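Data first, discussion second: the structure below is written as C-alpha cells.
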Amino acid sequence: MAIQMPDINLALMLPEIVISVVAMGLLLASAWWEGAEGARRIRRIAAGALMVAMVITLLGVGATQSSTFGGMFVNDRFAAFMKVMLYLSTLLPMVVSWVYLEKSKLGNGEYFVLTLFAMLGGMFMISSGSFLVLYLGIELLSLAIYVLAAYKRDDLASNEAGLKYFVLGSMASGILLYGISLIYGVTGSVDFATINAYLQQDHHSMLGITMGLILVVSGLSFKIAAAPFHMWAPDVYEGAPTSVTAFMAAMPKIAAFAALFRVLVEAFGPMHATWGPIMALLAVVSMGVGALAGLGQSNIKRLLAYSSIGHVGYALIGLAVGNQMGYEAVLVYLTIYIFMNVGAFGLILVLNKEGFGDQIEDYKGLSAKRPGLALLMAIFMFSMAGIPPLAGFMAKLQIFMAAIDAHMYTVAILGVLFSAVSAFYYLKVIKTMYFDEAERAFDMPMDFLSRAIVGVSGILVVLWGILPGSLMASVAETIKSLM
C-alpha cells in the first residue's frame, strides 16, 4: 500500500522557523557570549527576531493557502491575530524587564532563549489543527516557563514556585493527554476537522467523547489559571522573578485561549450545548475566586494573580456564549488585558529593580513624589476594575452585552457583582498611592524604553475606551475567518 505524504508548505511556518532557528542559535552563542555585554547582544537579537516574526506574520495575512502538513498546522487570519498578540505579550514585558534583569543579575543569555522557546510553543498552540501539534506546543511552552519560574536559583520562593508549577503542570498535562486519548478512541482521529465531521453525524452514545472533552478543557483551564484549576497561580506569581511574572501573566493565556478556540469552535462546535454550560460554570467560579480571594492580599503580585483569575472568568463568558458576538468580545478583552498587564507590571518593575515594590504599602505616597507614575498606575487599576471611560470598562461591557444577548442573565448579573467587589482591591492600590504619606523618596530612574512602553500602554487603555472602533473592526474580521 502506497503511503500518501501530506502537503507541506514551509512558507506558512516561516515565523516559527525564524524563532526556532534564532533560539537554537542563541543557545549555542550563549556559551561564548558571556557577561553583561554578551547578554545584551543576545537580548537585542531575541527582540529583533520577535519583530521579524511579527512582520512576516502580518505580511502573510490573506494568503490563499491556510494549512499545511495535512491540516495539522493552520495559518489563517485568526492565527495571525493571536500571534501578533503573542509577540506583543512577549516582547513588551521582555523590554521593560531589561534594567530589572541586569540589576538582579538574572539577565544572562539563557533567560531570553527560554523566553523564545516558550513563545514558540505558544505559536504552535495557536496554529494547531490537531491535538498532536497542540500537545507539543503546550509542552514546549510549559517546560520553558517551569525553568523561568525558578530562574532566581538562590531564592527559596522562586525555587518553590518553579517546583510547584512543574508538579501541578505535569498533572494537568496528564489529564489533557488522557482526554485526547478518549477522544481518539471514539472518533479515530486527533485532527480537529475530522472530529468536527464525526460529531455532525448521528451517534447513539457520546459519553466517551464528552468525558474526553471535559478532561481536555480541564487541562487547558490549568494553563489559563481558571478556577478551580488556579491553585498554582498566586504562589507562582509571587515567587517567580517579577520579569517572569509579567511574561507569564499574559503570554500563556493568549496561547491557551487560542487553543480553546481551536478545540471548542473548530473541533467541538457541534457540541456547544455540552461545553457552553461548562465554560459558563468555569467563568462564574473564576470571577468569584478572583474577586473574593483578592480582597485580603497585601502583596501586589499576588493581588494581580487573583486579578488575572477574575479576568479569565470574564473572557470565558464570551466563549460560553458560543456565537460571533461572544468570540469577538473575548478577543477584545484579551487584547486590552495585554496592555493593562504590561503597564502595571512595567511600573512594578521600576520599583522592584531598587529592591522594593512587592507590597502594596511600598506605594505609599507615590503620587506626591512621582505623579506621572502614580497616574499611569491609577489608569491601569481603574481599567482593570472596569471604570468608564477606560478600555477595561468597554471590554467588560462587550462581554456582558454578549451574555445578555444569549439570555445568560444570571452569568451577566454575577459578572457585574463580582466586578464591583474586585474594584475594592484595585482602589486599595490607588488609595495607598494618593492618600497615604510617602515613606521613601521614589527617586529611582526609569529608562526610555520602559517609559515609552508603559506610556503608550496607558494611552491605548484610554483611547480604546473612548474610540474602540478600529480594534472592534479588526477583531470582527478575525472571528469571521474562524466561523
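Even glycines carry a Cβ here, placed using N, Cα and C.
Here Swiss-Prot flags 8-28, 45-65, 78-98, 106-126, 131-151, 166-186, 206-226, 241-261, 275-295, 373-393, 399-419, 452-472 (among others) as transmembrane segment, drawing on sequence analysis.
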Can the transmembrane segment (78-98) be said to touch the transmembrane segment (206-226) if we require at least 3 CB pairs below 8 Å and skip pairs under 6 apart in sequence?
no
When only pairs 6 or more apart in sequence are counted, do the transmembrane segment (8-28) and the transmembrane segment (131-151) reach 3 or more Cβ pairs under 8 Å?
no
For the transmembrane segment (452-472), sequence-distant contacts whose Cβ falls under 8 Å of one of its Cβ atoms, 6 or more beyond its ends
92, 95-96, 328, 332, 335-336, 339-340, 342-343, 346-347, 376, 379-380, 383, 388-394
